[in-house]
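Asker: The structure is given below, and queries will be raised subsequently.
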Amino acid sequence: MQTSALLLAAQALVASAGLIERQSCPSIHVFGARETTVGPGYGSAGTVVNLILNAYPGSTAEAIVYPACGGQSSCGGISYGNSAMQGTNAVASAVNSFNQRCPNTQIVLVGYSQGGQIMDNALCGGGDPGSGITNTAVPLTASAVTAVKAAILMGSPRYRAGFPYNVGTCTAQGFAARPAGFVCPSGSKIQNYCDSPDPYCCTGNNQAVHQGYGGVYGQAALTFVRSKLNSGGSPPTTPPTTPPTTPPTTPPTTPPPSGSCAALYGQCGGQGWNGATCCSQGTCRASNQWYSQCL
């Protein structure tokens with residue numbers, strides 16, 4: 001009799017713990033990924049992350065933990081390609097793990113520059129040869145893909161003109177562009193923002209444009225996210241806030257072998273650059289102290 005009572009009490013505790021865990025899951029959870037050379041946190045992705053959090057009280061967010069590096073000493077000298085590969089794995093791990101804990105929570109992905117590249121890789125698959133990712137499978141589980149309702153990518157080097165989810169004026173491509181004809185199975189969930197003067201997602205030379213997408217397209221991004229989420233959100237109770245950021249840079253993938261010239265749109269110079277300083281096509285133009293590009 002006493003044993004049965006103890007058994008029932010134990011079962012009740014287990015059920016209660018499960019109920020508490022389920023109740024602690026938010027209706028909406030946002031993952032944000034920062035750009036290259038910015039310290040841990042959301043970086044410029046924070047603008048859109050905060051817009052969503054303010055629009056949906058009770059929603060939660062977390063930053064993807066990854067190097068966000070491009071060979072600079074300030075971030076450990078990790079190459080851009082290796083950083084993007086680690087970041088892609090980090091997105092898959094974080095999103096899959098969260099979805100396993102909270103299967104009914106709607107997920108939104110927000111990635112800026114290199115952060116956009118790793119979100120794109122994780123959601124769309126297709127591999128990323130420049131980052132050493134040869135497996136073309138989507139690294140998110142089927143359940144996690146279903147839970148992801150919207151993805152906002154800004155200034156992503158994977159941008160290529162002509163994709164149905166593109167937004168902006170760029171008619172070219174980024175330095176790590178998707179191959180022509182690529183089809184993302186979750187394309188209807190994506191908005192990919194890129195304007196023509198951007199030197200990283202496009203072929204321009206204006207760093208300020210690369211850093212300005214949150215201010216230019218933030219409200220449009222929020223409108224898109226609202227259209228994709230199942231539950232309506234009340235208007236923001238406080239004005240959206242934008243965390244302070246330091247101007248980052250997003251250099252391209254591993255330098256070409258010394259002795260050869262960089263290809264069109266490739267890197268040809270910059271502080272700490274040890275690769276080619278000539279261009280097989282175009283002219284080497286400096287965008288900033290870290291990055292010169294063949295244009």
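Using N, Cα and C of the backbone, Cβ positions are placed for all residues, glycine too.
Pulled these from Swiss-Prot:
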{"type": "DISULFID", "residues": "C25-C102", "note": "disulfide bond"}
{"type": "ACT_SITE", "residues": "S113", "note": "active site"}
{"type": "DISULFID", "residues": "C184-C202", "note": "disulfide bond"}
{"type": "ACT_SITE", "residues": "D198", "note": "active site"}
{"type": "ACT_SITE", "residues": "H210", "note": "active site"}
{"type": "REGION", "residues": "228-258", "note": "region 'Disordered'"}
{"type": "DOMAIN", "residues": "260-295", "note": "domain 'CBM1'"}
Asker: Show me the subset of C25, C184, C202 whose Cα is within 10 Å of S113 (active site); these are the disulfide-bonded residues I mean.
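Answerer: Final answer: none.
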Asker: Translate the DSSP assignment of H210 (active site) into the three-state scheme.
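Answerer: Looking at the DSSP assignment, H210 (active site) belongs to a helix.
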Asker: What is the number of other Cβ atoms found within 10 Å of the Cβ of S113 (active site)?
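Answerer: Its Cβ shell of radius 10 Å holds 32 other Cβ atoms.
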Asker: By the count of other Cβ atoms within 10 Å, pick out the sparsest of the disulfide-bonded residues C25, C102, C202.
Answerer: C25
Asker: Just to be sure I understand the packing, how many Cβ atoms besides its own are within 10 Å of the Cβ of H210 (active site)?
Answerer: 28
Asker: Using C-alpha atoms only, work out the spacing between C184 (disulfide bond) and D198 (active site) and round it to an integer in Å.
Answerer: 23
Asker: Which ones are near H210 (active site): of the recorded positions C25, C102, D198, which have a Cα within 10 Å?
Answerer: D198
Asker: In Å, rounded, how far does the Cα of C202 (disulfide bond) sit from the Cα of C102 (disulfide bond)?
Answerer: 37
Asker: May I ask which residues of the same chain, at least 6 positions away in sequence, place their Cβ under 8 angstroms from the Cβ of D198 (active site)?
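Answerer: Sequence-distant Cβ neighbours: G155, C170, G204, N206, V209, H210.
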Asker: I'd like the number of other C-beta atoms within 10 A of the C-beta of C184 (disulfide bond), please.
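Answerer: C184 (disulfide bond) is surrounded by 21 other Cβ atoms within 10 Å.
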